[in-house]
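To start, the structure itself, in structure tokens.
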Amino acid sequence: MGKLFGTDGVRGVANRDLTPELAYKLGRAAAYVLKKKYNGQGIVVGKDTRISGDMLETALAAGILSVGLNVLRVGVMPTPAIAYLTRELKATAGAVISASHNPMEDNGIKFFSGSGFKLPDEVEEEIEKYVLGEKEIPIRPIGAEIGRVREISDAVLLYKSFAKNTVELPFSGLRVVVDCANGAASYVAPKIYEELGAEVIPIFNTPDGTNINANCGSTHPEALMRAVVEEGAHLGLAHDGDADRVLAVDEKGNLVDGDQIMVIIGKYLKKKGLLKNNRIVVTVMSNLGLKKAFAREGIEVLETKVGDRYVLEEMLKNGAIIGGEQSGHIILLDHNTTGDGIITALQLMQVIVAEGKKLSELAQEMPKFPQVLKNVRVLDKEKIMASEELAKAIARGEKKLGEGRILVRPSGTEPLIRVMAEGADAKLTEEVVDEIIAVIEKL
């Protein structure tokens, strides 16, 4: 990856790292590069509910307009809705101003191609060269050639209609608590679930620009877990700031994570004869229980590095229609080109209604192995990862765990080594992790 773009676009503290000046340059460079690569009506621009969204949207739009491309403005909108609208409006590309589940001080800008997929690395690298001044943008249109802003007033209606059409059964009788993370889901998710017949109790659905993801949403589901029990609901749904992921809570107040949601949806699709190529893509961090649950069903599990970008690549390469992460970032390629928390929630509710089972019963189809994850701060990740002592410690741990597994990997962004183990016995699993950490700390 280049100097600006990370695995999920350009991110940083708004107005310090991600400044309006940088947003303008990004808009200008992206519009110039994407205009040459893809035909279309302009660039769809949407955002989440962060206070810095207005500032960055204005600057990004100015950059796009300055190279003669139109801006199709959709306002506050879930990230996956922008991927869909980019396709639906036959746009050149899509741009999202969001930092997803990060704190409100952060923001980010990422782009989708005209087909609604994240941009390939080489396109991001080309955009980067223009932003950093390594290449000069040779055009400066004047007069009638300058771009215009078009307000897409029916954007919410278009996405709502699209999302609702991904399910067949009404949700009447379902009582659902929905945590909108004070983010982009606030204006869309509760309405979609209600219009399909569910009784919806929304919480954290009053964004003020500064409360996005604040002790709420998929990274802080504790309030939702309590609310589901207090309200006597059948389930709870926790979105994050840009609604590209969802976690669920069963009627007893227990968390149902992305691994369990994939097992529930994957098994249902197989039963209905809809699981194309009979395979699913997960990351190395997915719980061992997931692999065992799918093995029992004869479903092939493919593993990738952590990150939805890698999950999507593997899905496209192997013709899989479902893939995702424990965090609730799940891609259902039959419906959308990126992780879509609202559409994932709809498929989950469809299984509950179709099977006539409680979510707690469905979640039991994947018994979770106790998982222990600890981080060790180190000076030289490469040296430690290559050491023979570490390899021996891992082998000893694997022997001790028996049926479990151990994963030791360096962090991609910090000076840390992550040690994760899974096993049938929680106490033994923790002991094994601590023993490996003790070896790392001596190296």
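Glycine is treated like the rest: Cβ placed from N, Cα and C.
The candidate list Ser100, Ser113, Ser115, Ser360 contains one residue that Swiss-Prot assigns to the Mg(2+) site with Asp240, Asp242, Asp244, namely Ser100. Neighbour list (Asp240 (Mg(2+) binding site), Cβ cut-off 8 Å, at least 6 residues apart, same chain): Ser100, His101, Ala181, Gly183, Asn213, Gly217, Ser218, Thr219, Gly328, Gly341. Spatially close to Asp242 (Mg(2+) binding site) yet at least six residues away along the chain are Asp48, Pro78, Thr79, Val96, Ser98, Ser100, Gly183, Ala184, judged by Cβ distances under 8 angstroms. Excluding Ser100, Asp240, Asp242, Asp244, which define the Mg(2+) site, the same chain contributes Asp48, Pro78, Thr79, Ser98, His101, Gly183, Ala184, His239, Gly241, Ala243, Arg245, Gly339, Gly341 within 8 Å (Cβ to the Cβ centroid), listed in sequence order. Listed in sequence order, Pro78, Thr79, Pro80, Ser100, His329, Thr338, Gly339, Asp340, Gly341 are the same-chain residues six or more apart from Asp244 (Mg(2+) binding site) with CB atoms under 8 A from its CB.
The 10 Å shell around the Cβ of Ser100 (phosphoserine) contains 30 further Cβ atoms across the protein chains shown.
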